[in-house]
Amino acid sequence: MKTYRIGQIVPSSNTTMETEIPAMLQARYAEFPEERFTFHSSRMRMMHVNPEELKAMDIASDRCAVELSDARMSVMAYACLVAIMAQGDGYHRVSQARLQNTVKENGVEIPVLSSAGALVDTLKEFGYKKVSIITPYMKPLTKRVADYIEAEGIEVQDSISLEVSDNLEVGLLNPENLLEHVKRLNHDGVDAVILSACVQMPSLPAIQRAQDQIGKPVLSAAVWTVYQMLKNLGLETRVPNAGHILSGVKPQA
């Protein structure tokens, strides 16, 4: 039996990734009984999703990376999309390189991911060139997310903004409601649907059902982060009831 330490750098008011990522990885135990995972987090202060707090939070990510590397993680992920996307197109590359170097300077060689980078990498790996998205954000921030994705050469056909500004309230949204929201989303002709383009908006209970409902791959921030974590750990990318990309299928791109 081998134990993998999963590290997350999270906004202080977030709880969802620390719920959904353990749920997915522990759901693997029946199929992969030789695996065990432990879960560890370091927090960046953030209560409201605004430019000032996002910038301060991004700076704090360096401290968090050092703290997690002290405990010798197997892999770590910067689990916030908008903190990175708000800094400008392609910023996940800058952030990941900086955090990777910070960890290396602490004497640790481990993969350092970000949820923003994992989104871009996963869409490209699977050849998804057109998507539609659901976010909890106010419309200007949803546009920033869509623009970031489009700057990577992936078209965002449609988006729904739930317009919940309080980050704690986002974490309390009912994932079952996403099954109704997705009916309002224009997903004709898209390659995939992003059911939750936010690490704090719960979606895991709805992922597989939404995919079955619309007949297209359905992803979320937690799902694509787990996919990239498993890849970087050299493990099979399979999680039950977590959608197409975690079904063990190999990318076509």
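Along the chain as shown, residues are numbered 1 onward.
Note: Cβ is positioned from N, Cα and C throughout, glycine not excepted.
The feature substrate binding site is assigned by Swiss-Prot to ASN14, CYS80, LEU81, VAL82, TYR137, ASN167, VAL199, GLN200, with similarity to another entry given as support. According to DSSP, LEU81 (substrate binding site) sits within a helical segment. For LEU81 (substrate binding site), the Cβ neighbour count at a 10 Å cut-off comes to 28, with all displayed protein chains included.
Its Cβ placed at the centre, CYS80 (substrate binding site) has 29 other Cβ atoms within 10 Å. Taken from Swiss-Prot, the feature active site, nucleophile applies to CYS80, supported by similarity to another entry.
Among the features that Swiss-Prot reports, S-(2-succinyl)cysteine is placed at CYS80.
The active site, proton donor annotation in Swiss-Prot covers CYS198. If you draw a 10 Å sphere around the CB of CYS198 (active site, proton donor), it holds 32 other CB atoms from the protein chains shown.
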Surrounding the recorded substrate site, with Cβ no more than 8 Å from the Cβ centroid of ASN14, CYS80, LEU81, VAL82, TYR137, ASN167, VAL199, GLN200 and those residues left out, we find PRO11, VAL49, ALA83, VAL170, CYS198, MET201, ALA221
Reduced DSSP state (H/G/I helix, E/B strand, rest coil) at ASN167 (substrate binding site) is helix
Here the 10 Å Cβ neighbour count for GLN200 (substrate binding site) comes out at 28
Cβ neighbour count within 10 Å, max among the binding-site residues VAL82, VAL199, goes to VAL199
CB contacts under 8 angstroms to TYR137 (substrate binding site), restricted to the same chain and 6+ apart in sequence, sorted by sequence, are VAL49, VAL82, VAL145, SER161, LEU162, GLU163, VAL164, CYS198
Of the binding-site residues listed (ASN14, ASN167), the greatest number of other CB atoms within 10 A surrounds the CB of ASN14
